[in-house]
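A.B. asks: Below you'll find the structure I mean.
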Amino acid sequence: MAAPWEDVLREEAAVREAARLAVDAALLAGVLMRTEEEPNASEVVNYAPFTLLPSAVPSALFEQAYAVQQDFNLLVDAISQNREFLEHTLASTIKVDDFTARLFRIYTQVLEEGLAQSVFLGINRSDYMFDCGADGTPALKQIEINTIAASFGGLTSRTLAVHRQVLKVLGKAEEASRLVPNNPSQGLALGIVKAWELYGSQSAVVMFLVEEVQRNIFDQRCVENELWNRNIRVIRKRFRDVFEKGSLDDARRLYIDGQEVAVVYYREGYVPQNYDPQNWEARLLLERSRAVKCPDIATQLAGTKKVQQELTRPGTLERLLPGRAASVARIRATFAGLYSLDLGEEGDKVAAKAIAAPDCFVLKPQREGGGNNLYGEELRHVLEKIKDSPERTSYILMDKIKPQPSKNYLLRPHSPLKISECISELGIFGVYVRQGKEMMMNKSAGHLLRTKAIEHADGGVAAGVAVLDTPYLV
């Protein structure tokens with residue numbers, strides 16, 4: 001799966017010159033993050049980490065990932081509407097995982113009160129790796145699907161131009177012309193625009209719900225600017241602003257600072273650290289409102305690891321997507337081995353198998369954001385400690401994907417330039433909008449390639465491990 005850069009990688013002087021140019025090109029293109037020292041100030045910024053060269057991606061697997069995205073959009077939406085499935089699937093998890101349990105309590109409270117929301121917007125990202133089987137043939141295997149705050153659609157829209165320029169400078173103009181066009185920030189914005197239109201108030205705003213620490217603000221600004229360009233007003237608020245200034249009128253319209261909110265786009269709220277008692281109150285207020293939440297709490301629950309594992313059970317996809325045999329087949333073809341650790345004979349066998357061969361598996365908690373999974377000896381240690389405890393049901397077990405490494409340079413601020421053995425993860429953004437029972441939009445919205453050195457088992461760009469990349473189809 002080698003890209004045609006082997007000759008370039010051997011020319012140290014050319015690489016150094018290209019790296020200097022690449023950093024300038026990234027700054028010019030707006031591939032930016034705030035610094036760790038000043039995460040809430042834009043006076044001093046630096047480039048977001050990225051690869052010097054695009055990474056090879058098998059074109060057949062790239063096309064497969066795009067082809068299945070609309071199916072995954074339908075699946076996530078179907079799960080979010082299926083109370084019985086969510087209650088059954090998460091029954092063991094909510095007994096031991098307080099975060100999932102609190103989300104679930106809000107979910108049931110809002111359902112019992114009756115949903116005020118009639119328009120539903122999903123922005124998700126399905127992430128894959130390329131598993132090299134026993135015969136060395138790469139296969140597309142899903143790692144997870146992110147249904148809340150799926151990031152880097154903005155910055156990856158701008159990374160493409162940087163890689164095009166680097167290739168040209170290195171005498172690869174022909175290859176540069178073959179890089180696939182990619183603009184997720186526009187695709188994500190079109191979903192928000194559609195939801196805003198269907199909400200039906202020209203004067204209402206779109207609210208980005210953002211974290212207290214906002215290093216990755218420029219990624220969000222890319223999407224935000226697409227909305228401003230369409231004359232849609234955008235406000236940025238934190239949970240505490242919602243708690244202090246948010247209110248509902250008799251029709252459960254959401255107001256903040258006197259402005260009606262049509263769409264709430266979450267870039268926050270996906271890990272326990274995002275919540276204190278006031279923030280939980282704010283989340284409940286948002287969920288009770290008529291505003292279009294992206295995601296609503298049911299869709300966030302649809303993205304949990306336990307749901308991902310349950311989907312691999314025989315017959316589950318068929319029940320969730322009746323009459324869609326082709327969609328079911330496309331989805332199932334991407335599944336890696338996923339196993340339940342629920343208490344009982346099945347879970348006991350799975351736990352014993354993982355303890356005996358920890359390097360063959362990944363232990364996953366119900367968390368988003370990268371850096372949470374356990375591997376190898378750490379996996380064995382944790383499983384041995386909790387193997388007879390209900391705590392183990394807050395995890396799922398997954399077969400470890402074995403991709404083929406390739407060489408690249410990972411450009412990071414203040415880091416020496418050195419070649420690394422790397423592996424990549426491909427994400428496809430999906431957007432859908434449903435009004436009542438009618439699907440109004442369902443599309444893929446672009447891709448994200450992230451690459452990391454093989455010594456790092458887990459973690460994304462925001463976690464400081466992976467870097468932004470561009471696929472070169474081979």
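A Cβ is built for glycine as well, from the same backbone N, Cα and C atoms used for every other residue.
For reference, TrEMBL lists these features for the protein:
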- Arg125, 148-151, 214-216, Gln220, 267-270, Arg450, 461-462: substrate binding site (BINDING)
- Glu144, Lys305, 364-373, Tyr375, 398-401, Glu425, Lys452, Asp458: ATP binding site (BINDING)
- Glu144, Asn146, Glu368: Mg(2+) binding site (BINDING)
- 204-302: domain 'Glutathione synthase substrate-binding' (DOMAIN)
A.B. asks: Just give me the nearest neighbour of Pro365 (ATP binding site) among the binding-site residues Asn146, Ala149, Gln220, Cα to Cα.
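C.D. replies: That would be Asn146, nearest by Cα distance.
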A.B. asks: Considering only the binding-site residues Glu144, Glu368, Lys400, Lys452, which fall within 10 Å of Tyr270 (substrate binding site) when distances are taken between Cα atoms?
C.D. replies: Glu368
A.B. asks: Out of Gln220, Glu268, Glu368, Tyr375, which of these binding-site residues is nearest Asn146 (Mg(2+) binding site) by C-alpha distance?
C.D. replies: Glu368
A.B. asks: DSSP helix, strand and coil counts for the domain 'Glutathione synthase substrate-binding' (204-302)?
C.D. replies: 40 helix, 26 strand, 33 coil
A.B. asks: How many other Cβ atoms are found within 10 Å of the Cβ atom of Lys400 (ATP binding site), counting all protein chains shown?
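C.D. replies: Neighbour count, Cβ to Cβ under the 10 Å cut-off: 20.
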A.B. asks: What subset of the binding-site residues Glu368, Tyr375, Lys400, Lys452 lies within 10 angstroms of Ala149 (substrate binding site), using C-alpha positions?
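C.D. replies: Near Ala149 (substrate binding site) by Cα: Glu368.
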A.B. asks: Quick check: of the binding-site residues listed here (Glu368, Tyr375, Lys400, Lys452), which one has the Cα closest to that of Ser151 (substrate binding site)?
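C.D. replies: Spatially nearest to Ser151 (substrate binding site) by Cα position is Glu368.
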A.B. asks: Counting across all protein chains shown, how many other Cβ atoms sit within 10 Å of the Cβ of Glu268 (substrate binding site)?
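C.D. replies: I get 21 for this one.
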